[in-house]
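J.: Can you read through this structure? Questions will come right after.
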2 protein chains.
Amino acid sequence: MDNNQIGQSFWDKGNINIANNDEEHEEKMSRRIQKLNLHLNPQLPFCPNEETIHFLDCASRIRTIDVETKVLSEYMRGKHWDIQERVYEYFNSRPDLQTPLEISKDDHRELCMKQLVGVVREGGIRPFRYVVEDPAKYFAVVEAVGSVDMSLGIKMGVQYSLWGGSVLNLGTKKHRDKFFDGIDNVDYPGCFAMTELHHGSNVQGIQTIATFDPITDEFIINTPNDGAIKWWIGNAAVHGKFATVFAKLILPTHDTKGISDMGVHAFIVPIRDMKSHKTLPGVEIQDCGHKVGLNGVDNGALRFRSVRIPRDNLLNRFGDVSRDGKYTSSLPTINKRFAATLGELVGGRVGLAYSSVGVLKIAATIAIRYSLLRQQFGPPKQPEISILDYQSHQHKLMPMLASNYAFHFAALHLVEKYSEMKKSHDEELIGDVHTLSAGLKSYITSYTAKSLSICREACGGHGYAAVNRFGSLRNDHDIFQTFEGDNTVLLQQVAGYLLKQYQEKFKGGTLAVTWNYLRESMNTYLSQPNPVTTRWEGEDHLRNQNFQLDAFRYRTSRLLQSVAVRLRKHSKNLGSFGAWNRCLNHLLTLAESHIESVILAKFIDAVRSCPDPNSRAALKLVCDLYAMDRIWNDIGTYRNVDYVAPNKAKAIHKLTEYLCFQVKNIARELVDAFDLPDYVTRAPIGMQATEEAYSNYTQFVGF
Amino acid sequence: MDNNQIGQSFWDKGNINIANNDEEHEEKMSRRIQKLNLHLNPQLPFCPNEETIHFLDCASRIRTIDVETKVLSEYMRGKHWDIQERVYEYFNSRPDLQTPLEISKDDHRELCMKQLVGVVREGGIRPFRYVVEDPAKYFAVVEAVGSVDMSLGIKMGVQYSLWGGSVLNLGTKKHRDKFFDGIDNVDYPGCFAMTELHHGSNVQGIQTIATFDPITDEFIINTPNDGAIKWWIGNAAVHGKFATVFAKLILPTHDTKGISDMGVHAFIVPIRDMKSHKTLPGVEIQDCGHKVGLNGVDNGALRFRSVRIPRDNLLNRFGDVSRDGKYTSSLPTINKRFAATLGELVGGRVGLAYSSVGVLKIAATIAIRYSLLRQQFGPPKQPEISILDYQSHQHKLMPMLASNYAFHFAALHLVEKYSEMKKSHDEELIGDVHTLSAGLKSYITSYTAKSLSICREACGGHGYAAVNRFGSLRNDHDIFQTFEGDNTVLLQQVAGYLLKQYQEKFKGGTLAVTWNYLRESMNTYLSQPNPVTTRWEGEDHLRNQNFQLDAFRYRTSRLLQSVAVRLRKHSKNLGSFGAWNRCLNHLLTLAESHIESVILAKFIDAVRSCPDPNSRAALKLVCDLYAMDRIWNDIGTYRNVDYVAPNKAKAIHKLTEYLCFQVKNIARELVDAFDLPDYVTRAPIGMQATEEAYSNYTQFVGF
């Protein structure tokens, strides 16, 4: 029994006669009130302005927008598209460097190293220089090599962003002079040894110790127990020569305690002999073994037994030890030094957010192209229809495509802010970028992870063929949610920052740029929702960017205000830690809501800035879907606080389904505008010329 | 900056003074109305009965329930626990048959075949006999071997349920006599060749042709085009000797057309030589290659070029061809024959639902044990706390654990119904089991697939180690959502069946057993929600099974009634197919809602039947969490139709969080009651003796 049959057999008999009177009555009432209100209040807060009307003209009144892929894709491109194309072309010219579908862990690691050395020394791509000169260019390269093999993207990140970044950002000139070239040309492959078996998120809890020995002018690195073994360290199992080891700096003192713990510092520790590549004395390295994905990266575990390193190997930008064992720092407390140290590592998160958007583009492109090609069932005695013509399939893939566009612009914005921060070192901007990168990294990587599963499922059995990519994309991307800061922990940092801003507001202080909207919407929120607009359900109202932004921000403001009240209440009995934990789900929702607001705002900016009318109309349509889908996802909250009346909730749902349908009509052009060459997407079922997909696929298996 | 610091720094300053007056006022009002109503209506529909009070005593008024794992696990065990233990012990005694973490596709396929032959011939497990004698025993075996290696579970399913099942259920005595022993002892490995490159879900659209040749008394099997190549056929790439091939039966006629298409039938086609194992003439076999998971199963693609088979090879239970080319059948139409043919294959879905529950048990056990062990952060100057003490972590894992329990009882119920059906061949029961298996298969496998990702993420970096299982569990299980019926398609069958029942109701006909509740709740629904009870928010009310069931069923009834109205409306303009598609999301939600109602009802039965008071109290607690979590997940709908007032919605949310906390307190006992030996869960971080987990893990990597 298929669905046609069911639908038909049920309806052909057609003997049901219950009129939906309630709903119709409600709709009429609402329309009447809306009209009445237009008479009474000619200047309405959400009255569509000229610009909006223009958007609506393009986006909804004509049935399909005539998108010119080339024009749209030119607008979408980041400014470092050229270097991404160079990366793609390099690997396209070197099929021997392509990762095969089946490869052993050990071979994969060797291949990945060859890919890295190849693209740097032969391809002339110099990621370490871009890290210094133009971070945006660096992130573009990492995304591009990640499309070739995500292991390579991560291997590159370990070398240049983590190992290289720690030397650049936590060290001083002497370290740069000594290590820059070796890191740059991969003569010095290195590790970033922070995480321990027992401590990941809680970095201040790490237990590795670096004790200063004033007699020999050395630090002695020790792993005091098994829980302190450095774990998951990339480049450690096979290739690394050095490691930046995070350890508690212990200094001898002349008081009764005899020692003083100065908190977590970073040290350069050689781990393998430069010539023989043998593990150095006192260092024990084990292979962390197979992972769910990213098996091209050689993660290892490191134990140190009284390993001596010269005093100069302390990365001493934020704190130093003199020859006679005196500690000096420009920063007054352990916590400030720790914050400064970790603050320098924010680049990794920016890169992950950016690359995650790229992963989603590949998956969405493959899934949508296949869904346009694939036909199954259809009206009686008529040809089968494409599976993307099914409402359920549109529901799976179209909000995802809209999010992908939204994330694209948000990630570009983040990279821009980050680059600005690296130039200006502006205090406020540092806090802003820290929170924005934490929020976008966690929000985008979680969304992409879920989407990869949905894409596989949307492609049915053929999505399960390894050659069609979803398996490796998901397995490799999965850990993006965890490394460089667990997503749940990062979202709490966002919530914490919001609460701090909230506090500032009541103190009358200034708000950081990104958060400025809170002041305004907090005021709107504190005055109750307008009982008339809560019933408005017209398309021109729902698709007005002012309504959309207000809805997102109202939610954020309300969540912020209510969690603040709850925290205050609970902290009396539970203490601050207990209160925080009691409100944790609430805090995480708040953080997500805020990030969604930021993403929407950036998307709206991008729509507005688009010079080509057709592209702008297409982007506006996609942006509307993003907004409606998110509002509908949390319709319970909106209803609960009476921000929307039942009729409006229904209208939002209806419009979301309608926009899915509209976006579907230009879905092919929208994924083509991501501009991914076939040799990057690689999946036979996801080729640009969809009509060739099946024959590509049959050829692949040997027919 | 960690979360403690944020929470603390914010609250230590404590300078926010906005009272949450609105909410308090609302709560008070609601309590007053509730009290008033108690006076006015002493006989209330949701007044807790004695039994409920007893549950509440155990479950909520004391802080922790004293669960005896052994007693609970004895209650949980299916009746075929013994044979599952035999399977586990067999593989435990044969470490050479364990699948290593790294294995090539080809080696994996050979190993998987060895495992199958080993457990059957050496282990004395005889799945094919259980298929005939006691299906419940068969499903228990498939689940158990799936825990060893899911590829083996699927390989076994292909051999006995698909290939074997088609011979048993679609053939007649002559086929059984000829093939039973060879299938049973794996001398005749076989395939089930239904799916084609272009057609999966729409089986009636397949294009392979079987033309009767009256001269030679043979059928000629042909693949007319590339789209008709049989694809994803398990056992085809390497091991299969035979295939049950689904093809359109073409008979010569004496009219002007010359031929007649009799619809899809099944034929036994030898594909490899019994001795040499060479592919037979006219058969072309290609390897479908690497898959996302299940690489121990050798899926292949088959093309037939005029392959001749004797007339006897038609599986002729539902339709036969005589020597002179006349067609006979006890069933009058092509559609009826097709439905009967596919109806016999429902066992596969039952097996998948059942095995999926088993997969979730393994994952939940590992994730929860690790989350109890793992510590990170904590109150200032106090020891770190276990990550399962965090509200966010409870929110991730506890509703999942509750669902796992709920699914366990639902799957046992399904297996029971299926076994009953196989005995009685009762018409009504067949329809009931068909829909129940479609619904539970899709609902459970979708839920499990999502949960596997959540489990990995909940275990952070250590969840990413391949040895800790989440990767292979997810990759192998992923396709459960697609094969044996795509989940989205299956849910539509459920919706269609519900609509049929709805129609029956208005005709005054009888309703099938499972759907009986609809009559009652449809009446409740059609009378508006009680404006008083919509505000009730007391724990005794929310935890009353009558309220819970009513909420689930009200939602289903409302969705059913409203989609019926919408379908009727749209079918006027769009036709039945167009109307169905326009309401597709709505129909899918309806189907899920119904399945959730069935699951809850079965869980409540299981709680009630539990003889041990402590186990019963624990199960009641878990059942309440299942119910509250689901209601909260769709709170938007409940609010929108005013089934719950805002204060009640808030109370439901609060209670859900509280129940998560309560279930957390007995989480260890609850997973222990799944009774999975360490050599089945296998993940070092998920050992029963959690305190040994870290040392197991360090030993594993070589320390």
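Including glycine, each Cβ sits where the backbone N, Cα and C put it.
The following feature annotations were taken from TrEMBL:
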| type | residues | note |
| --- | --- | --- |
| DOMAIN | A:191-307 | domain 'Acyl-CoA oxidase/dehydrogenase middle' |
| BINDING | A:Thr195, A:Gly234 | FAD binding site |
| DOMAIN | A:343-499 | domain 'Acyl-CoA oxidase C-alpha1' |
| ACT_SITE | A:Glu484 | active site, proton acceptor |
| DOMAIN | A:547-687 | domain 'Acyl-CoA oxidase C-terminal' |
J.: Expressed to the nearest Å, what is the distance separating A:Gly234 (FAD binding site) and the residue listed as 'active site, proton acceptor' at their Cα atoms?
T.: 12
J.: Within 10 angstroms of the C-beta of A:Thr195 (FAD binding site), what count of other C-beta atoms is obtained when all protein chains are considered?
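T.: Result for A:Thr195 (FAD binding site): 22 neighbouring Cβ atoms inside 10 Å.
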J.: Count the Cβ atoms, other than its own, that fall within 10 Å of the Cβ of A:Gly234 (FAD binding site), considering every protein chain shown.
T.: 27
J.: If proximity means a C-beta under 8 angstroms from chain B, which of A:Thr195, A:Gly234, A:Glu484 count? These are the recorded positions.
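T.: So the ones by chain B are A:Thr195.
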J.: Is it possible to get the count of other C-beta atoms within 10 angstroms of the C-beta of the residue listed as 'active site, proton acceptor'?
T.: 26
J.: Taking only the residues in the domain 'Acyl-CoA oxidase/dehydrogenase middle' (A:191-307), give me the average pLDDT of this model.
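T.: Across the residues of the domain 'Acyl-CoA oxidase/dehydrogenase middle' (A:191-307) the model's pLDDT averages 97 on the 0 to 100 scale.
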J.: Take the C-alpha atoms of the residue listed as 'active site, proton acceptor' and A:Thr195 (FAD binding site) and report the distance between them in angstrom, rounded.
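T.: Approximately 10 Å lies between the Cα of the residue listed as 'active site, proton acceptor' and that of A:Thr195 (FAD binding site).
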